[in-house]
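Okay, so here's the structure we're looking at.
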Amino acid sequence: VHLTAEEKALVTGLWGKVKVEEFGGEALGRLLVVYPWTQRFFDSFGDLSSADAVMGNPKVKAHGAKVLQSMGDGIKNLDNLKGTFSKLSELHCDKLHVDPENFRLLGNVLVCVLARHFGKDFTPAAQAAFQKVVAGVANALAAKYH
C-alpha cells in the first residue's frame, strides 16, 4: 500500500495507542452484529444470539485481539502486506473458506472503532490513511483466492 511519509506517521502514531484486546474485540463484535451472516464462520464461539451476547463473548474478544495483533504486524510491514499476510490468506481461503469481502467489511468496522476511541485525534487525514491501510490488508488477505 502506498502511503506518504505523513500518512505513515499518522498510522503508526495512532496505532501505538491502540488497545489491541479492547479495540479488537469491539471491531470483531461489531462486524458480527452488523453483518450477522459473518457469524457462520464462528460456530465454535458459542452464544452469538444477540448483540449483548456477541459483545460479551470471550472468544469474540480473544479472536478480535488476534486480528488486531496481525493488523499491527501489517502496519510494521506496510511495504510488504502480501508477504506479511500470505499464510493467513492461505488459511482463510483454503481451509476456512471465508468470503474475502468480509475482510473489507472488518476493515471498515475497524476504522469506525478507531474513530470512536480516538475522537478528535482521528482526523480526516488519519481516517484516509487508515482506509488505505485496511484496504491494503483486505487485498493482501484476498491474494490467495482463485
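The backbone N, Cα and C atoms fix where each Cβ goes, glycine too.
Residues near V1 (N-acetylvaline) in space but far in sequence (CB under 8 A, at least 6 apart, same chain), listed by position: L78, L81, K132, V133, A135, G136, V137. What Swiss-Prot records for V1 is N-acetylvaline, and it gives similarity to another entry as the kind of evidence.
If you look up Swiss-Prot, you'll see 2-146 marked as domain 'Globin', on the strength of sequence analysis. When the domain 'Globin' (2-146) is classified with DSSP, helix, strand and coil residues number 117 helix, 0 strand, 28 coil.
Annotation comment: Swiss-Prot describes T12 as phosphothreonine. Other Cβ atoms within 10 Å of the Cβ of T12 (phosphothreonine) number 14 in total over all chains.
Look at Swiss-Prot and you will find S44 tagged as phosphoserine. A sphere of 10 angstroms centred on the C-beta of S44 (phosphoserine) encloses 6 other C-beta atoms.
Sequence annotations record features per position, and here Swiss-Prot assigns N6-acetyllysine to K59 (among others) based on similarity to another entry.
A C-beta separation below 8 Å, combined with a sequence spacing of at least six in one chain, links H63 (heme b binding site) to G24, L28, F42, F45. Positions annotated as heme b binding site by Swiss-Prot: H63, H92.
Annotated N6-acetyllysine per Swiss-Prot: K82 (among others), in sequence order, evidence recorded as similarity to another entry.
Residues or ranges marked as S-nitrosocysteine in Swiss-Prot: C93.
What Swiss-Prot lists as N6-acetyllysine is K144 (among others).
The Cβ of K82 (N6-acetyllysine) has 14 neighbouring Cβ atoms from other residues within 10 Å, across all protein chains displayed. All chains included, 15 other C-beta atoms sit within 10 angstroms of the C-beta of K59 (N6-acetyllysine). Neighbours of S44 (phosphoserine) among the modified residues T12, K82, C93, defined as a Cα within 10 Å of its Cα, are absent: none qualifies. For the pair T12 (phosphothreonine) and K59 (N6-acetyllysine), the Cα-Cα distance reads 27 Å. Rounded to a whole number, the C-alpha distance linking K82 (N6-acetyllysine) with K59 (N6-acetyllysine) is 27 angstrom.
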